[in-house]
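Colleague: Take a look at this one; I'll ask things after.
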Amino acid sequence: MAKEWGYADHNGPDHWHELYPIAKGDNQSPIELHTKDIKHDPSLLPWTASYDPGSAKTILNNGKTCRVVFDDTYDRSMLRGGPLTAAYRLRQFHLHWGSSDDHGSEHTVDGVKYAAELHLVHWNSKYNSFATALKHPDGVAVVGIFLKIGREKGEFQLVLDALDKIKTKGKEAPFTNFNPSCLFPACRDYWTYHGSFTTPPCEECIVWLLLKEPITVSSDQMAKLRSLYSSAENEPPVPLVRNWRPPQPIKGRIVKASFK
């Protein structure tokens, strides 16, 4: 069996390029954001998300993260505007987190690591499938939201309450009637750049929209995320507590801000 990628020493981010050479490409994510080097681009528009809560389908534990999956067979839950020149369909969202509250995000802002990072993955509906979209530099748009420790977020609890049904790798449960825009911060200001998926195969097909304002979650809520296992039900238990990729070289890419 081929070696499976993961986050451990033997199969972690430093090894991904052995199986997926593009992981050492010129447009890899995440990156470190240095705000003094980022220019405001007045041509960047506001972005809008119109999500249909009925398009939420299931929540699953794939051994790498917890993921909420949406029906993307037609234009039900859409992302538009911002740096995007087309409408993008919501496919899934997932999270990255660390073993403690002081780290876990993949992108960093002026050296700051957040407790977690939420990724809402959308694909360009001008392509006929998600698989086709992956082959194009404008194929996918990801909205990234930082989670910092503070007050509990009630809307996030809806996701966390479902985790008991998907404790171990391979578990999936119904998860319906959920509008992920309830997880957005009040401020829609964003940074944008061209990058990649932060997990293998690390395809370089992503327009990133990273929201400047984090949302707050409680330390107890983060602990609930860490209660998941990366092991299957019949295997020795391995906690799912470190699933972030470190920042990658920016290699001359330009990051733009929608705000001054």
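Keep in mind that glycine also has a Cβ here, set from the backbone N, Cα and C atoms.
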Colleague: According to Swiss-Prot, His94, His96 bind Zn(2+); which one of His119, His122, His136 is listed for that same site?
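Modeller: For the Zn(2+) site that includes His94, His96, Swiss-Prot also lists His119.
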Colleague: Can you check which of 28-31, 64-67, 108-111, 164-167 Swiss-Prot lists as region 'Involved in proton transfer'?
Modeller: 64-67
Colleague: Compared by Cα position, which of the recorded positions Ser55, Thr176, Thr198, Thr216 is the closest one to Cys187 (S-glutathionyl cysteine)?
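Modeller: That would be Thr216, nearest by Cα distance.
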Colleague: Give the sequence-ordered list of residues that share a chain with Thr199 (substrate binding site), lie 6 or more positions from it, and have CB atoms under 8 Å from its CB.
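Modeller: Looking at Cβ-Cβ distances below 8 Å from Thr199 (substrate binding site), excluding near sequence neighbours, one finds Trp5, Lys64, Arg245.
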Colleague: Please tell me which one of the recorded positions listed here (Ser29, Ser43, His96, His119, Thr198) sits closest to Ser50 (phosphoserine), measuring Cα to Cα?
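Modeller: So, spelling it out, the nearest of the recorded positions is His119.
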Colleague: Can you tell me how many other Cβ atoms are located within 10 Å of the Cβ belonging to Ser29 (phosphoserine)?
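Modeller: Within a 10 Å radius of the Cβ of Ser29 (phosphoserine) lie 25 other Cβ atoms.
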